[in-house]
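Visitor: Grabbed the feature section from TrEMBL, which reads as follows:
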ACT_SITE  His222  active site, proton acceptor
BINDING   Gly53, Ala54, Ala55, Gly56, Gly57, Ile58, Gly59, Asp79, Asn139, Ile162, Ser163, Asn164, Met270  NAD(+) binding site
BINDING   Arg126, Arg132, Asn164, Arg198  substrate binding site
DOMAIN    48-190  domain 'Lactate/malate dehydrogenase N-terminal'
DOMAIN    192-352  domain 'Lactate/malate dehydrogenase C-terminal'
Amino acid sequence: MMNSNGEAQHQRIARISAHLNPSNYTMEQGTVLGRINCRSKGGASGFKVAILGAAGGIGQPLAMLMKMNPLVSVLHLYDVVNAPGVTADISHMDTGAVVRGFLGPRQLENALTGMDLVIIPAGVPRKPGMTRDDLFNINAGIVKTLCEGIVECCPGAIVNLISNPVNSTAPIAAEVFKKAGTFDPKKLMGVTMLDVVRANTFVAEVLGLDPREVNVPVVGGHAGVTILPLLSQVKPQCSFTPEEIGYLTARIQNGGTEAKAGSGSATLSMAYAAVKFADACLRGLRGDAGIVECAFVASQVTELPFFASKVRLGRTGVEEIYPLGSLNEYERAGLEKAKKELAASIQKGVSFIRK
C-alpha cells in the first residue's frame, strides 16, 4: 500500500505530466488527476489562448512571448510535429500561464475547446523558388482543417490568422465559418501587424525618431503591392520627399524578402508583431478603451469583401472599422493597384471552399 507521502508525490508527478500532455490524463475512471484540476498553484487569471502551429518558425517564439503575457491564463500549443518538446520547454518559464501541449489531428479538439483566442501561424513559409500558388495550395488546406476544428470546439473565439497568403486564407476561414453558420465578422482578423511594425521602424529610421513614437497606418492587404502604407497620415505629423515616399513604400512592401537576407521568411519579427496584435485583442476583450490597430477584416471600407484598415478592438472583437481618410495622389494610385490584386486573391480563397 502506498503511504501518504508516496501518494502525494505520485499526484504531483501526475499534475506536471497533465500540464504537458493532458490527452494522457483524461477523465477516465481511476485517473489520478482530471484535466479540470490541472492548474498550477496561483495560476494567472486571464484568457485562454491556443496557438495552432506552435512548433514552427513563427510558432515557437510566438508561444514563448505569449507565455510572458500576463493576460494569458492558459496557453494551448498545438502542432502535428514536435509539440510535446516545445511545450515542455516553454512550460519551464516562471510566468503565470499554464501551458499544455497537443499533438496531431486527434488532439485538435482538446486543444481548441474553451479557447477565447486562437492564433494560427500553421502552414509552410514561402521559400526561395516557391510561387504564391505553391504556398496557397499547401496552406489553404491546412487553414480549412483548423477552421473546421474551431467551428466544432470554440465557434465564439476570436481568430488571429497569420498563415500566408493572408489575402486568401482569411476569406477561406470566413467561408468555412459561413458554411457552418458560425461566421462572425467581428471575430476573424487577418494579422497584418508586421507591415505596421516594419513601417514604424523604417519611417523612424528616415525621421531619426524612436520607432515606438511613430505610428504608420498600413491598409489594403498583406502581400506586395496590396500593402499600402499611408505615409500622409504618419504620426507624429511629418512630410517626405517623393524619393523618400518611393523608397519607404517599396521597402515596406518587400520587407519579407529583406528578412533573413532572402533565404527564408520573417519568423522572429512576425512572432513579435503577432504577439503585439494578440495583446491588443486581449486588452479589447478585457474591456480596455481606445484599442486601435490595423487588421485584414470583412469590411465595407471599399467595394471588396475584405480589406486591411484601422479597427477598434473591444469585448466582441472588431467593434469599429475606420474609413481610409484623406489620401494623396500617390496613395490613391497605390490603392487602385492594391484593390486589383486583392480582388483576385480574395476570390481565390472563396473559390477554394465553394468549388
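Cβ atoms here come from the backbone N, Cα and C positions, even for glycine.
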Visitor: Between Ser163 (NAD(+) binding site) and Arg126 (substrate binding site), how many Å separate their Cα atoms?
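Guide: Distance (Cα to Cα, whole Å): 10 Å.
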Visitor: Counting only residues 6+ apart in the same chain, whose Cβ is under 8 Å from the Cβ of Gly53 (NAD(+) binding site)?
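Guide: Expected: Gly59, Tyr78, Asp79, Ile120, Pro121, Ala122, Gly123, Ser163.
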Visitor: Ranking the binding-site residues Gly57, Gly59 by other Cβ atoms within 10 Å, which is at the bottom?
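Guide: Candidates: the binding-site residues Gly57, Gly59. Fewest Cβ atoms within 10 Å: Gly57.
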Visitor: With an 8 Å cut-off on Cβ-Cβ distance and a minimum sequence separation of at least 6, pull the same-chain contacts of Asn164 (substrate binding site), or say none.
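Guide: Counting only residues 6 or more apart in sequence, the Cβ neighbours of Asn164 (substrate binding site) under 8 Å are Gly123, Pro125, Arg126, Leu135, Asn139, His222, Ala223, Ser265.
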Visitor: What whole-number Å value do you get for the CA-CA distance of Arg198 (substrate binding site) and Ala55 (NAD(+) binding site)?
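Guide: Answer for this pair: 24 Å between alpha carbons.
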Visitor: Just the number: how many Å between the Cα atoms of Met270 (NAD(+) binding site) and Arg132 (substrate binding site)?
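Guide: So the alpha carbons of Met270 (NAD(+) binding site) and Arg132 (substrate binding site) sit roughly 18 Å from each other.
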Visitor: Tally every other Cβ atom lying within 10 Å of the Cβ atom of the residue listed as 'active site, proton acceptor'.
Guide: 28
Visitor: Using a 10 Å radius around each Cβ and all protein chains in view, which of these binding-site residues has the most neighbours: Asn139, Ser163?
Guide: Ser163
Visitor: Would you measure the largest Cα separation among Arg126, Arg132, Asn164, Arg198 for the substrate site and round it to whole Å?
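Guide: 21 Å is the greatest Cα spacing among the residues binding substrate.
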Visitor: Out of Arg126, Arg198, which of the binding-site residues is least crowded by other Cβ atoms within 10 Å?
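Guide: Fewest other Cβ atoms within 10 Å, among the binding-site residues Arg126, Arg198, is found for Arg126.
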